[in-house]
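A.B. asks: Okay, handing you the structure first.
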Amino acid sequence: MAWNATTASLFDDYVYNMTGNTTATTIIGKCEAMGTNPKYKQSIPIVVLLIVVYGLVILACLCGNGLVCIVVAKNRSMRTVTNYFIANLAVTDLLVGVFCTPITLIDNFQTGWEFGALMCKLLPTVQGIAYGASVFTLVAIAVDRYLAVTAPNDGKLTGMCTFCIILVIWLSAIIIMAPISFATKFDKDDKTCYEYWTFPDGHRLYTLALFVMCYLAPLVAITSLYIRIAVRLYNTSVRSSAHCGAWGTTGAASKLGYKVRVFKMLVVVVVIFTLLHLPLHTVTFLVDYGDLSCEVKESIFKYGYPIAHWLAFVNSCVNPIVYGCMNRNFRKGFASAFRRAGLPCCTLRRMNNIRNNTSDKRRRSTNRTTPNAENHEPAKLKGSPDTGEIELVAVPNDVTRRHNSHRCTGNAEPTVGVVSWISQV
C-alpha cells in the first residue's frame, strides 16, 4: 500500500510476503535492526530533522486547510460548487494532518509498532481513505469545470447534487480501502504491524490495483478533461475576439477571464498533487516488485520512505497557499479571518503586492499600445469581478453604443483583443 507502506508492509526488521498458508510466513528479507540506536531506525540528528520538518507540515496543514474551511463556511459568496469540492479537499488534508502525519512520523523513525492493534488497522485505512477522497475530489472538480465551460447554462451542478457527489467520493474511498483494513494484522509479541493476505501475491496485486484506481486512472481522466477545457476556452476566446472586437461583450469577456483563472489554479493543484505523490508510488513499486538486496531495502526503509511520505504530506499543506496566491476571493477571506483573530496579514499583503505590481505593468503596457484616435473616449478603468484587478483600457464610442444596444457587428477595430487579455490573467 502506497500511503502507509511503512506500517502495512512491516518496515522495521522484516519485509513479509504473506501467502495463503495460515501457519507459515515467507520472509523475503531479514535485515539487522536499523540504526545504531535499537530504538530508532536513523541516527539522532536525522530523527530530530524528521520531527522538525514533519512538525512544520502538520502546523501548516492545520492552519491552511482550517482557514479554507472557515472561509467557505462563513462567506455566502464563496459557497459555489467548485468551492464545496475545494472545502472537501481541505477536509481530507486536515484528516491527513491531524491523524496520519503524526503517527507516520513516529513510525518512520521508531522501531517496532507502539500504537496497538486498533491503530495498526486504522492508520493505513484512514490514510488510504483520505488519499482516495482527495484524488476523487480532484476528478469531481475537473468534471464540474468541464460542465461549466462546455454547458454553462444546462450543465451546472446543484447544491444537493454536489453533496451527493461528495458522499459518493467518501463511500468509494472507504470501499476501495476496506481490504487493507482486513489484511492488516498486529503481532503484540514482536510489536509489528503487517499485512496478511489469504492468496499469493496479495499485497503486490493490491498495490497495483490501488495505483491504477487511485492514481493513474484518475489523473488520465483529469488530464483529458482539462485538455478539453483548454481547447474550448481557447476557441471561445478566439471567437469572442473575432466577432465582438475588444469589449463588444464585456460581460462575456469577464466570465471567460474568470473561467481561465479558475482553470489555471486547478491545473496547478493537480500538477502539485501528481508530482508530490509520485515518489511514494515509486519507492513502493521498487520494494514490492524490485529484486532488491537487503541493504538497499534497509536504505529505502530508513530514508526513502520518510522522504516520500513527507513529500506526500506536503501536498496537504500547499493547496491553501495556491488558493491564496491565485484566487482573490480566498485571499480576501484569509485576510478577513486573520483580522478577526487579531493576527497580522503580512503574507497576504505580500501576495497582494505581487498581484498589484503585475496589474500595474499590464496597465502601463495597455496604455502605451492604445491608439489616441478621435473616436475613442478617455481611458477608463475596468475591473474583473473575480479578482478585482484593474485594467486601463480605451473604449471606442461605437463599441460602447453597440454594447448598450446588445449588438455586436465586429466592424470596430479592437484596441485590446480578448485573447491577449486572457493571456495576461
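These residue numbers are counts, starting from 1, taken along the chain as shown.
Here the Cβ of each residue, glycine as well, is placed from N, Cα and C on the backbone.
When I checked TrEMBL for this same protein, it listed these features:
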REGION    356-387  region 'Disordered'
TRANSMEM  44-73  transmembrane segment
TRANSMEM  85-106  transmembrane segment
TRANSMEM  126-148  transmembrane segment
TRANSMEM  160-182  transmembrane segment
TRANSMEM  205-227  transmembrane segment
TRANSMEM  265-287  transmembrane segment
TRANSMEM  307-326  transmembrane segment
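Please go over these features one by one and say how buried each is and what sits next to it.
C.D. replies: Through the fold, the transmembrane segment (44-73) approaches residues 37, 79, 83-84, 86-87, 90-91, 93-94, 96-98, 101-102, 105, 108-109, 306, 310, 313-314, 316-317, 319-321, 323, 330, 333-334, 336-337 of its own chain, all at least 6 residues removed from its boundaries and within a Cβ separation under 8 Å.
Below 8 angstroms of C-beta separation, residues 1-4, 81-82, 85-86, 88-89, 92-93, 95-96, 99-100, 104, 155-157, 165-166, 169-170, 172-174, 176-177, 180, 210, 214-215, 218-219, 221-222, 225-226, 228-229, 259, 262-263, 266, 269-270, 273, 277 of the same chain, each at least six residues beyond the ends of the transmembrane segment (126-148), sit close to that stretch.
Here the transmembrane segment (160-182) has long-range neighbours at 1, 8, 81, 84-85, 88, 121, 124-125, 128-133, 136-137, 140, 195, 206, 210, 213-214, meaning same-chain residues at least 6 beyond its ends whose C-beta is under 8 angstroms from one of its own.
Under 8 Å from some Cβ of the transmembrane segment (307-326) lie the Cβ atoms of residues 3, 6, 50, 53-54, 57, 60-61, 64-65, 67-68, 86, 89-90, 92-93, 96-97, 100-101, 104, 108, 261, 264-265, 268-269, 272-273, 276-277, 279-280, 282-283, 334, 347-348, 351, 354, all in the same chain and six or more residues away from its ends.
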A.B. asks: Could you give the residue numbers and ranges of same-chain residues that sit at least 6 residues beyond the transmembrane segment (265-287) on either side and whose C-beta is under 8 angstroms from one of its C-beta atoms?
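C.D. replies: Hits for the transmembrane segment (265-287): 1-3, 5, 9, 15, 82, 131, 134-135, 138, 141-142, 145, 207, 211, 215, 219, 222, 226, 297, 300, 304-305, 307-309, 311-312, 314-315, 318-319, 322-323, 326-327.
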